[in-house]
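Everything on this sheet refers to the single structure shown next.
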Amino acid sequence: MPPLRSRTTTAGRNAAGARALWRATGLTDSDFGKPIVAIANSYTQFVPGHVHLKDVGEIVAEAVRAAGGVPREFHTIAVDDGIAMGHGGMLYSLPSREIIADSVEYMVNAHTADALVCISNCDKITPGMLNAAMRLNIPTVFVSGGPMEAGKAVVVGGVAQAPTDLITAISASANSSVTDEGLSEVERSACPTCGSCSGMFTANSMNCLTEALGLALPGNGSTLATHAARRALFEKAGRVVVDIANRWYREDDASVLPRNVANAKAFRNAMALDVAMGGSTNTVLHTLAAAQEGEIDFDLETIDEISRKVPCLSKVSPNSDYHMEDVHRAGGIPAILGELRRAGLLHTDVTTVHTPTLEEWLDTWDIRSGKASAEAIELFHAAPGGVRTTEPFSTDNRWSSLDTDAAGGCIRDKEHAYTVEGGLVVLRGNIAPDGAILKTAGIDEDLFSFQGPAVVVESQEEAVSVILGKKIKPGDVLVVRYEGPAGGPGMQEMLHPTAFLKGAGLGKQCALITDGRFSGGTSGLSIGHISPEAASGGVIGLVENGDQIRIDVATRTLEVLVDDAVLAERRAKMEASERPWQPVDRDRTVTTALRAYAALATSADKGAVRRVP
């Protein structure tokens with residue numbers, strides 16, 4: 001049996017100094033020899049998805065103590081992508097993923113913790129902690145803060161708006177027909193409670209994926225932050241982590257370790273879920289990164305393969321008026337996985353931290369299986385409270401009925417899928433030989449084939465300027481380059497450009513392609529993650545204004561219609577220039593911290609992880 005890692009600092013004469021310090025934190029003789037459980041919290045007053053997490057660490061800690069473990073809590077940073085959006089703050093978002101992963105690794109290894117509970121929620125925090133868990137490979141349970149309630153419907157300028165969210169507010173700000181009073185009405189309704197933004201954006205997508213990976217408990221991705229039912233998830237996480245720690249250290253059961261739970265089959269399941277639910281394109285970036293951290297065989301080719309055979313079964317905001325509370329009412333992640341299981345598109349022989357196999361989990365938690373437990377039925381009745389609040393567990397409202405409509409409800413079956421192929425696709429071509437990502441769940445099928453002239457800009461700020469300056473016309477392809485992991489640096493999200501296109505009435509008439517990335521709130525013909533990026537010598541850096549760009553989803557291609565000989569001439573000219581593969585006229589402050597990230601960052605097809613010599 002493997003010894004407790006913490007014995008290094010709790011057992012033997014040589015550990016006297018460390019034990020003295022442990023005692024100063026409150027430990028006693030009876031604690032030495034028990035598994036020390038690190039609780040990685042991410043509470044901050046900057047982020048609505050984390051503002052309510054201040055006390056939940058103690059809920060987990062109490063459960064750990066009761067189960068026979070020794071809890072020790074610490075905190076990571078957390079960047080709010082929405083607040084950082086549209087200015088220099090967004091340069092720090094993706095690099096913060098690496099800082100979070102490093103900080104968790106540092107704390108856990110420096111203090112020889114035996115197990116880990118990750119209390120995450122928003123965009124880069126769950127991926128950062130996931131990367132750390134895959135690196136550390138010690139017993140780990142994820143429990144997130146939960147989704148925000150959707151904003152309530154409002155009337156703006158005589159037009160009824162569907163339940164609102166962050167994207168509604170951003171799009172309205174670019175719509176000149178919306179008055180200041182109307183915009184204020186939308187803004188005040190859009191984000192009514194604590195929790196991760198209410199649509200199938202990056203945060204909620206990743207929290208759903210941790211369920212599919214087997215590292216989080218049932219309901220983790222969809223139970224609202226405000227609902228009393230979520231408290232039980234934190235309590236159970238504390239019990240489960242001690243159980244799996246004991247199975248590893250006392251029974252030599254390696255099946256509970258993250259790399260054996262979230263193995264190659266589990267990553268395939270997670271991506272099948274992502275494709276089926278039309279998740280954020282950022283999930284591609286983050287799953288690729290996590291797989292690399294865990295040395296799991298999972299790459300962009302695997303994602304492409306999955307996207308070709310898994311149908312799109314659910315469309316949630318920003319792609320419909322459904323929000324996470326509606327996904328929950330329809331049975332949450334187990335219901336989507338259940339439909340994939342019935343379609344033969346799931347590996348059910350993988351394990352989870354809470355149930356021996358995925359097969360057994362879905363038998364008792366899929367509300368459409370006919371065998372769902374009373375616990376599952378009870379959980380998925382949890383409904384929004386409809387009250388503005390930053391308090392977790394503050395409502396106990398219940399839906400009067402569940403949404404089990406597989407033909408036209410929030411979650412459909414394969415026979416009634418939105419599209420035969422999934423909501424995310426990998427495109428390739430001369431402009432993206434190493435791949436690019438498109439969220440097809442966010443566009444109409446009549447846009448699956450598109451061609452138009454390039455309008456080239458070399459920063460997100462310039463993109464916003466040309467859109468708001470009415471320089472983009474129907475049929476144009478806006479090319480935003482030098483916004484990749486190294487070129488940005490930091491691979492900014494292009495939420496403002498896409499939201500402003502939508503607000504200007506161009507969301508279905510133009511395309512936007514970039515070596516940057518998109519918010520989970522992005523919709524429209526928005527292609528990101530173009531690899532190689534411009535700063536790494538990618539062809540996107542050679543595109544000129546007026547070049548014809550062709551997009552064809554059916555053939556999975558993205559091309560600039562310029563002869564190879566012409567591209568070769570442009571490349572030679574670029575290489576001979578004074579500042580090759582750099583933006584010509586961009587005013588941007590790049591700090592030492594960002595330059596350090598840029599020096600090591602890989603392109604998006606590698607997950608934008610750091611390449612360390």
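Just so you know, glycine gets a Cβ as well, placed from its N, Cα and C.
According to Swiss-Prot, the active site, proton acceptor annotation covers S519, on the basis of sequence analysis. What Swiss-Prot records for D81, D123, K124, E493 is Mg(2+) binding site. Taken from Swiss-Prot, the feature [2Fe-2S] cluster binding site applies to C122, C197. Residues or ranges marked as N6-carboxylysine by Swiss-Prot: K124.
Taking Cα separation as the measure, C197 ([2Fe-2S] cluster binding site) is nearest to S519 of the recorded positions K124, E493, S519. If you take the Cα of D81 (Mg(2+) binding site) and the Cα of S519 (active site, proton acceptor), they are about 8 angstrom apart, rounded to a whole number. Residues near D123 (Mg(2+) binding site) in space but far in sequence (CB under 8 A, at least 6 apart, same chain), listed by position: V79, D81, S93, F201, T202, A203, M206, N282, G520. For the binding-site residues D81, E493, the greatest number of Cβ atoms within 10 Å around a candidate Cβ is found at E493.
Across the structure, S519 (active site, proton acceptor) and K124 (Mg(2+) binding site) are spaced 12 Å apart at their Cα atoms. C122 ([2Fe-2S] cluster binding site) sits 14 Å from E493 (Mg(2+) binding site), taking the Cα positions as reference. Each residue in V79, A84, M90, S93, L94, C122, T202, A203, N282, S519 lies on the same chain as D81, D123, K124, E493 and has a C-beta within 8 Å of the C-beta centroid of that Mg(2+) site, without being one of the site residues. A coil conformation is recorded for C122 ([2Fe-2S] cluster binding site) in the three-state DSSP classification, outside any helix or strand. The DSSP secondary structure for C197 ([2Fe-2S] cluster binding site) is coil.
Mapped onto three states, the DSSP output places D81 (Mg(2+) binding site) in helix.
For C122 ([2Fe-2S] cluster binding site), the number of other Cβ atoms no farther than 10 Å from its own Cβ, over all displayed protein chains, is 29. Counting every protein chain shown, 32 other Cβ atoms lie within 10 Å of the Cβ of S519 (active site, proton acceptor).
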